[in-house]
Each structure stands twice: as C-alpha cells, then as structure tokens.
C-alpha cells in the first residue's frame, strides 16, 4: 500500500524540480536576450540626436570623433606617436558605449516586463448588453467607456470596469503574479476589475470604465517600457549641475592652449581631449539615466506600479506616513476574545444570546462569536435563530441581530447604540456596562453589547491583533526621521491602546475620510511630504492630496486614478517598503555622484603632471603615483575612466545597501565609503593599469 504513494510523491517532486529548472533556464535565456539587446542598443544610441540628451556623454562622443579624425592626420607634435590618437579615440568610444549599455540594460528589463504584460492583451471578444437587452459579441478593441458586458466562467475580462451585478472569483495572476483568485462583487470597495484577468467561477456583469489604449495594462506597458518616463525634478537639477561643470571644464580646456603658448610649449589636441574627459563627471553622467530607470524597475519588482519617477523620488523624501489601523497595522479580523457578563447575569446566558444573535451573521466577527461559544461548550438553540428574521448591521443603527418568531428581539452592537435601543424599550442599564466597555477599549479591544428586548446581558470582547514586527518597523522609520500617524474609526481609548502597542508616533481616533485630508494638509503646511494608503472611493481625495498616494489594486477605480502608485498585491503595509526603495534611489544617485566627483582628484594627479612635466620639470613632484611615462599616465586615466562605468552598473541597477538611520548618519556613512573610496580606488586602479600599459609602450 505504501509503495505506490512513495512513487507518486517522488514523481511529483521530480516534476516540480523540472519546472524549477525550466524557469531557471527561461530566466537565463531572458537575461541573455536583455544583455544582447542592450549591446545592440548601445551602438544604436551613438546617434548624435540621441546622445545630445545626455550632454556629458555627448561631449565624450565629440571627443571620440575629433581624436578619430586626428588619427588619420599628420601629428603636430613630435612627442606624440601616431598610435596615440587612435588609442585615445577607441577608449573614448568604449566610454560612450559603456554608458549607453548601462541605460539600455535598465530599459531592457522594463521592456521584458512589458512583453510579458502584452501576452495578456490577446484578441478578446466581449458579450455586450445592448439597451434593448440583446447580447452582441464584439471585439474588446471596440469597447467604449459605459458599455455593459457580461463575463462568464472561463472568459477573460475584456477591459477595465466595475462589477454592477453578480459575484465571481477572478484570476489576476497576469498582473499581480499571485495565483490565488480574488473575489469581485457589485458594490463596496472590491468591485473594480482589470482587463486581461480571467473569471474562474460564476458570472459577473461589468460596466467598462476605460476606452481603448487607456486601460490599466496599457498604462503599465507604457510605464515599464519607459515611454512615459520623464526626468524627475531632482534628476533634472543634478543633470543641470553636471552639465554646468562640463561647460566650465570645456571652457578651461579650450582656453588652456593660450596659456601654454605663453609658457613656450604646445599641448597636443588628443591630450586636451583626454584632459577634458577626465575632468568632467563622466561616471555619474553615464549612469544617471540607468539609476532612475532601475529605481522604477525595483518598485515594479515589488509589484508596485509607479505612475512616474517623481512618485518614487517623493517616497524617498517622505517625512510623514498616514496609515489605516485596520488591515495595515492590525490584521483587521476582530475575533471574539472573551465574554463579560454584567449585573447578575452569567457567562452562559451571555454566550447563549450572543450565539443566537450571530447564527445568521456571516461576518468574521459573527463567525468568531459562534466559534468562541462552541469552544466554551455553552449551549444555545441554533434552530430558534435560523427560524427568525435576521437584522443586518447598518451604519445608522450600528447593531445586528435576529427577531425570533415569538417576538423576542436579540441585538448585539456598539455600546451607545444598544444602550439607546434598550432605553427606548423602557429597560434599565446595569451600572457596570460602561465600566466594562471602557476596560475592553483600554485593552485595545472593541466592546459589543448583547441585549434581549429591554435587558442587557453582557459584552463581547472583540480583539484585533497588531501584526508582528510592526513596532520594529515603526522604530526603523523613526530612525530615518519619519513620523507615523495611525488613522482609525475606533474610539479614543481603543485607538490609544493600539497606537501604544504598535509604536506609532501619533493617532487620530474616530477618523472620517475628510479627517485624513485635514491631517495631510496640516503636515504639508509644516513643509513635510506625506504618504498614505487607501482603497475606497472615500479615500480618493486624500490619496490625491498626499505627495505619495498608494492605492490598492483591489480597490475602486476612483482610488486608483487618484493615487500615483498602485500596489498590485493590495498590501497596505508595503508603503513602508516603497519609502525604503525611494530612499535607496536617492542614496544611490547621491553616493555615485560623490564617488564620480571624488574620482577626479586621482585623475588630476595622473594627467596634469603628464601634460606639464616636460615644460615645467617641477610638476614632477605631483606625480605621487610614480606613473611610468606621460603617455602611460594619460592612457591609464582614460582607461580607468571608461572601465569604472561597467563596473558600477550592478550597483546602479541594484542600488546601494540601505539601512534605516538618520540623515546625518547616512551622510557621514556615504561620505566615508563613496567619498573617501572615490579618492582611493582611482589611485589604485590607475596605478595597476599604468603597470600593465607600461609593458606595451
């Protein structure tokens, strides 16, 4: 009996292993394809119309053209051999190619993601319901906003829409990567559906909310391909500074021959070009675009869709995060924790009526009450409740329960609402009701009062558990100087307890959607950048007001349109990771800029003595690296300048190691590693290259 089971299990494991091996092979093939495409693109990007978008590398390309032409002309200097110009031109060519490769590689990863998304955009037909009730099959490309479509089991949802009738399980793995289907139903905050996803059970009727080319997948494809990518304000500012430096050094180099002629010697044009390339910040100039593209790519890999690079950068500068309590800080499933009788009632009586009020209640809270009562072996008449008329919870009444056939009315609900209901029927309120309700609230729980007609029997203690690790995560944010504010509809006592347990800095109790906007504006008035999460239509104004608004993919269309980021996994806690990615992007750009500028110090000590030693022997004192010869020094500096770009591509793509710490500590750390390192590494690198070059010249 056991042997077939063992064989079957072994075969299953082998198939799983083969599946994993296939995935690995496909990933390697994709990586090879991306690299091959990037190599081709690095050559295509040599087009001056493309290169001029990056002024720094455009100057290097002009230098390549000049030295390449000079290599075919007679040398004006007897000290410069004929092969020198062509060697310099080749090094400059590879410098530009390496920079182009970095950008093309970053773009290639986005295009690979776009290709996989395009697979979900197949030729789909939709069953459109006409005004007269007839159902007509049309192509998805012919659908327009406002069309009503029926989607059955096994059919693909043709375009973005909202469910107006029915309930169904929808497979969203084409977008989210999550294989587990999600429930979509009419009404509420989970009615939004996305084109390209598939209905795996039941049937729904949807109203189309986007025209062709405007769907969610269309936007994703456009964004990850980079077609909609615009340079961020910080990127533009840095690019302006780097371009200004390049212009200053260009003026210096162009005017240098005037002074050298005055001193009685001439500098070869190729040497001047080499000096210019070594002076300008080519390292960061070659990696700047790749850093920005890779930053958005990292967000996308986290299953978060950023509508612009500006949103990712803003996440890195966030000062305050507004967080909902339910589902973000806590699990959101309030479960029955204990029963508290009041007056002279017993726990058995409370349990009996609590269970009867919950038999027809399909909410998680109602189910948890039944489970708790059964776990305590408290008896109750289930049939009695099933024969009664269920009274659902309403926002106006804040109660639910059941009206039994004999006229008995059983209710459970918010303390104030049930007390008011009992008093309206002439009942009296036990003295310890409010006392025990306050106790539950102070413990961080939610009190529900159980009453029958005009008599209160006791309270149900519902407890919502704080997610593990939240206190540590908020402490990390605090170390980064980020304030956390919890917004909750709970009463102040419950809110204060949860806030203390979770470790948030501030909380807003009994919070309404409009209160969130007030909190955001108050923080922004202090000059702070604010991030928040949301999924409902009522969250849309606050998401639009926030500097970083992260909407849940499971939420409404209004919320997703108002936000500048969308979490495909619908996990509100991911806002913390998004902030980390934003900070990593800014840190990577800053660190590599520091490294690039620090590099110039070593290049000065390599190339300047080489240029002036023959005319000014005293300049030999600056040759602290003891380089072999002037020509070797110039070539070594140029080679290092070129090689450092591809060596830093992995760092630009992956981002520098990120640890939560204060801004001052972060600045000191980066200056030590990338500032001091940017000075030391070129000294070592240029010297090693000089030794190798010295063997050939």
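Using N, Cα and C of the backbone, Cβ positions are placed for all residues, glycine too.
Swiss-Prot tags one of the stretches 187-207, 208-228, 271-291 as transmembrane segment, and that stretch is 271-291. The stretch with the most CB contacts under 8 Å to the transmembrane segment (271-291), chosen from 55-75, 245-265, 605-625, 633-653, is 633-653. The largest share of C-beta pairs under 8 angstroms with the transmembrane segment (79-99) comes from 633-653, of the ranges 245-265, 605-625, 633-653, 677-697. Closest to residue 535 (Mg(2+) binding site) by Cα-Cα distance, out of the recorded positions 324, 361, 393, 399, 412, is 324.
In space, 324 is the closest of the recorded positions 324, 361, 393, 412 to residue 539 (Mg(2+) binding site), judged by Cα positions. Annotation for residue 399 (ATP binding site): same-chain Cβ neighbours under 8 Å, separated by at least 6 residues, are 391, 393, 411, 412, 413, 414, 417, 418, 421.
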